[in-house]
């Protein structure tokens, strides 16, 4: 399958009859951008992406060596994909290699989405091109929906979480503004209200994050729960934690040679956003410009957008939803 020749623009009229029948029976709504969404297994999807989810659940053949990068949208997905790729492929692609794949491809190409690319473009895609030793995929599906497609596999799942307020603001910039001319599709206030209702792509946020949090507590060898804020604060400790989980620990020689810092620098948002492929390139699967995947990547940027009243409202929602879970941001 050629990433550069496949389009993700599946229209509603191209849905299978099975998908149409199911969708007609599901709760439906419109998100803040006016897009129709339907609720499946507690999560909101556009109809085409739901078809990708259904195809994945039905036809994916997992391998125990698979690695899946999971996240709610706009929680540091691009960063985590780059780090994971650099870690598990470092024997083949040293971080100092002038021809490292991260220098010529966007991380979303190197870790393709199961439901938004592979199984959206094909009911049963050919996955033979992926490395048999450790195939690398990604998803925005909640844990219980993903697990249905994994069929009991013990593959590794790495989940990146983020403070809800920074997630919301990043979500608004990505989905609700046309990046080329800053045309507002939906105001931050409208996006905020829909977010609080949970009616947003792959939402509700709190159900999504809790599904992986609980999964990491139940089976820590299967699910690693990471936090964007901790990655920013202590990148060396967190990347070593990630390497240990993935079974590719840094050797003493690698640490002494500075490899950990090399990978951190290679995968930094500063470096990735400066690359020509990410300044002028596009994802051929969607047509979206690569530069839209990089904004600030900061902690606390929400303070520039949310009022004290909005802050208080969403904090109260999160406090209620995460109550007694042990999860805090």
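Cβ from N, Cα, C; glycine included.
The following features are taken from Swiss-Prot:
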- 140: active site, proton acceptor (ACT_SITE)
- 74, 75, 76, 77, 78, 79, 162, 170, 295, 296, 297: 3'-phosphoadenylyl sulfate binding site (BINDING)
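Annotated pair residue 162 (3'-phosphoadenylyl sulfate binding site) and residue 140 (active site, proton acceptor), C-alpha to C-alpha distance, rounded: 14 Å. Straight-line distance linking the Cα atoms of residue 140 (active site, proton acceptor) and residue 76 (3'-phosphoadenylyl sulfate binding site), rounded to a whole number, equals 12 Å.
Sequence-distant neighbours of residue 74 (3'-phosphoadenylyl sulfate binding site) (same chain, 6+ apart, CB under 8 A from its CB) are 162, 167, 170, 171, 174.
DSSP assigns the residue listed as 'active site, proton acceptor' to coil in the three-state reduction, outside any helix or strand.
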